[in-house]
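The following features are taken from TrEMBL:
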- A:70-282: domain 'ABC transmembrane type-1' (DOMAIN)
- A:12-33: transmembrane segment (TRANSMEM)
- A:74-96: transmembrane segment (TRANSMEM)
- A:108-128: transmembrane segment (TRANSMEM)
- A:158-178: transmembrane segment (TRANSMEM)
- A:208-229: transmembrane segment (TRANSMEM)
- A:261-286: transmembrane segment (TRANSMEM)
């Protein structure tokens, strides 16, 4: 019997092997190569990078574009992650309960997620257009004159945040599924104790979902910091005045437009460190919050 | 009543609104002055933009390229996710937990971290400007999320069935194909649909790797349409509708599983 079990577990690993090889070749090796390239003068055009020591690190210090880029990314994360999380969790909990037509409400919420990135960006160029765009017209209904969204640094950043509030489907589905796993009897007991819907939310739902919420927050921080490239690249391409030159956009520019491949590798490492730092702060805050309760 | 239907309906309308404006934007006649107030349906709606699109660019070539990538990449993604997910299922519980944690860690690795250097790997291998780099995400099952989806679904296949098939002398690959896969059809549907929406929409990889215009996929073509006609809104919105429509249609097939009242149970149900 144990032999059969050992054989089965071995087969399990064999099934996992192709995926593991792909992870090593397509993720681990390139990630390590970043470290190697960061200390060379590689331009991405030739094949013989030379070791240049800390030259690229020195360049970081007086790169005004990098400072702009950092500011843009941090602004975006600070605004976008809480809003996206609030939307995904709020809508997930609102729409989880079975109701006639419930699936169609959920489908409507999920639909913007299946819109291809480029189409979403082009669509928002239209939505945010000061003259033709539906958003300014909507504001007009309330007597507001509207904004010149993408021409002004602050509103351009807000515009990108607004656009990325729509594709929240992944977190939304995870919340839907996690909510179904909670025991219904807990809610019945709470209701008997005279605990209203908000009390149930605060005392049962949110604490029990906490691990899922933390995972979603961490994942969304990473997505928001690093994967907002396509929409931002197509929507504003870093303009106006570098207000939306998020780090991934700057990395792309350096690596593939300015022949600064090695420098881009270094900024990639910097971005990873910043991401790790933000996540560490989040995890610490969660621990603190749990102790306080 | 208000809480059960009115608020959900408002939310649904809010999220459907951008798609509605995409559609109505594509139906506006070109050169119409800006609307004075919120325009829910354009005056003199016309399909003119859809007629002009193939005249301005080789639309069908790009669509065919995209379809070709999807036709190869989607089955490859499903295969990778299903094999890996079954591997997780076969592991003893303690090892299974470790594998799931490892998958979650991979979920947290950002794509940007490996863009430039992955490009270098493919350049050295001499396969840039071919379909090969576009298949790389498929070998990673697009996202560990899809592997976890399969791992969960295979968890519903009883051990006794796996063992008895094995005792009858079937290899694990046969067990996977004959016993396990038929029981998780909803999961296969969901994974295939999510894989399609990813590969059809993939923009970064074609942008990095494709140089010849005749190999462009449609998302790349849409960006060039934007660069060439930055203010022809009906035309651009028509392009967006064409890019979005296949994803919406395909997703509507999977919403029965992914967005049902109990998605985790729906994934394990034998028939979609």
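Keep in mind that glycine also has a Cβ here, set from the backbone N, Cα and C atoms.
Nobody curates TrEMBL annotations by hand; they come from automatic prediction.
Here the transmembrane segment (A:158-178) has Cβ contacts under 8 Å with residues 76, 79-80, 83-85, 87-89, 91-93, 95-96, 106, 109-110, 112-115, 120-121, 124, 128, 149-150, 209, 212, 216, 219-220, 224, 228, 231-232, 235-236, 244 of the same chain, all six or more residues outside its ends. The highest tally of CB pairs under 8 A with the transmembrane segment (A:74-96), across A:12-33, A:108-128, A:208-229, A:261-286, is held by A:208-229. The listed stretches are A:12-33, A:108-128, A:208-229; of these, A:208-229 has the most Cβ pairs under 8 Å to the transmembrane segment (A:261-286).
With a threshold of 8 Å between CB atoms, the same-chain residues lying at least 6 positions outside the transmembrane segment (A:12-33) that come near it are 265. Long-range contacts of the transmembrane segment (A:108-128) within the same chain, counting only residues at least 6 positions beyond its ends with a Cβ under 8 Å from a Cβ of the stretch, are 91, 95, 134-136, 149-150, 159, 162-163, 166-170, 172-173, 230-235.
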